[in-house]
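Single-structure report; data block below.
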Amino acid sequence: MDLFRVWSGMDFLAWRGMAYTLLLLNFVFACQLLLLQPLVSALDGQSVDAAELFERASQSIKVKRYSDALDDLNAAIEADPALSEAYFKRASVLRHFCRYEDSENSYQKYLEFKSGDSNAEKELSQLHQAKSALETASTLYESKDIAKALEFVDKVVLVFSPACSKAKLLKVKLLMVSKDYSGAISETGYILKEDENNLEALLLRGRAYYYLADHDIAQRHYQKGLRLDPEHSELKKAYFGLKKLLKKTKSAEDNANKGKLRVSAEEYKEAIALDPEHTANNVHLYLGLCKVSVRLGRGKDGLNSCNEALNIDAELIEALHQRGEAKLLLEDWEGAVEDLKQAAQNSQDMEIHESLGKAEKALKMSKRKDWYKILGISRTASISEIKKAYKKLALQWHPDKNVGNREEAENKFREIAAAYEILGDDDKRARFDRGEDLEDMGGGGGGGYNPFHGGGGGGQQYTFHFEGGFPGGGGGFGGFGF
């Protein structure tokens, strides 16, 4: 037990001594660092002098690493304020960034060392041209003179200031107004390669993808921007606007599939109204609205919607098909055949070919005489109504009763008789209603029937007796009896 106490006491004394030793060593090390710091700084300054910084900046400029070059030039000037060439190169780099005021100051500083230097004077003139061109391009953009604005940006500003973010973003805006969305995507790609967190570039690139109807990629750009700045108003507007459009479109499509056609039609209209300029997406919305309108039997609405779709994409086969269906509803047979024939030539879809056959049949039927119309009756008229109409019109247009306009009366009378020959026969009437061809159905009284054929030549008299029947008179009235 006594030995244990002795050992414990010795252990405590040893640990305490070790702790004091470590504290002393740390204190000495800290003092050494403080004493050596000025020497280290001096050595650093000697290791990278102004000339070396200038040379490194020159190499960075060659590979277009302008930000690195600017840092080294600033350091070189700080190390040697009399290094005139550093001012000249810094002025040039600042001009590249379109930091025109700072650039001009550096040129002027260089000219204090090298008064009248032709290269500096030339670049200073280019600076003024670029600055003026950028201001002009901005004004032209505001006044919607897009072509001229692009010319100033491309041919002046970006020639003398190729690293000018302001000019690059202005160019993207001009391309967006010109609806050159692929060009806008390409240009913003260069900007984001240099600065992946450029919020304006993310917004513009997202909008370009949006207007190409590449909504997933557009959404990703908006989301990245909002992660960097959750309160960015334009990014929020673009992001939530896209979400609303997608939601409304899906609802319209779902309701169309469920047969809720009236609701679907209204939702398609609302989706289109959210962004009337979004043609790449609206072409599909107009087509959806056209289909729903045709299913509702709204021929005029369907025609208008499909016209809008075809104004955007004249080769959209399904829009041609649906417009043909809308024209069938409007009884524009020739227009329907034209649209459906064009669609069928570019598609093997059996539904389109069936619709074309239906349209061609309707067109053919429309060119035949409408026997119902000639007798002034409906297509659902009974046989007794047909006979009654025939008797009335035959009496009205009998040539003997129309001596003053005999030729017209004979033509009308012939049509009336032909109409009765078709509609008074159940089989012929059914075939006519189905659109089938009947021999001589539309010509010269139908089936060779001529109420004026019989005894006697021209000028014969026509007599009708309606008592107990309606036989032809002395002029050989074809023997129709009831």
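Quick reminder: no glycine exception, Cβ is built from N, Cα and C everywhere.
Annotation comment: Swiss-Prot describes 1-42 as signal peptide, evidence class sequence analysis. Per Swiss-Prot, repeat 'TPR 1' is recorded for 50-83. Among the features that Swiss-Prot reports, repeat 'TPR 2' is placed at 85-117. Residues or ranges marked as repeat 'TPR 3' by Swiss-Prot: 130-164. According to Swiss-Prot, the repeat 'TPR 4' annotation covers 166-198. The annotation repeat 'TPR 5' is assigned in Swiss-Prot to 199-232. Per Swiss-Prot, the feature repeat 'TPR 6' maps to 245-278. According to Swiss-Prot, the feature repeat 'TPR 7' maps to 283-316. Under the heading repeat 'TPR 8', Swiss-Prot lists 318-350. The domain 'J' annotation in Swiss-Prot covers 370-436, and the record cites sequence analysis as its basis.
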Rounded mean pLDDT within the repeat 'TPR 1' (50-83) lands at 93
In the repeat 'TPR 2' (85-117), how many residues does DSSP put in helix, strand and coil? 26 helix, 0 strand, 7 coil
What counts of helix, strand and coil residues does DSSP assign across the repeat 'TPR 3' (130-164)? 28 helix, 0 strand, 7 coil
Contact set, same chain, for the repeat 'TPR 5' (199-232): CB under 8 Å, 6 or more residues outside the stretch: 169, 172-173, 176, 179, 181-182, 184-185, 188-189, 191-192, 238-239, 242-243, 246, 277-278, 280-281
Please indicate, using numbers and ranges, the residues of the same chain that are 6 or more beyond the repeat 'TPR 3' (130-164) and have a C-beta under 8 Å from a C-beta there. 64, 66, 95-98, 100, 170-171, 173-175, 177-178, 194
Long-range CB partners for the repeat 'TPR 4' (166-198) (under 8 A, at least six residues beyond its ends), listed in sequence order, are 98, 134, 137-138, 141, 144, 146, 149-150, 153-154, 157-158, 204-205, 207-209, 211-212, 228
Per DSSP, what is the residue tally for the repeat 'TPR 5' (199-232) in helix, strand and coil? 27 helix, 0 strand, 7 coil
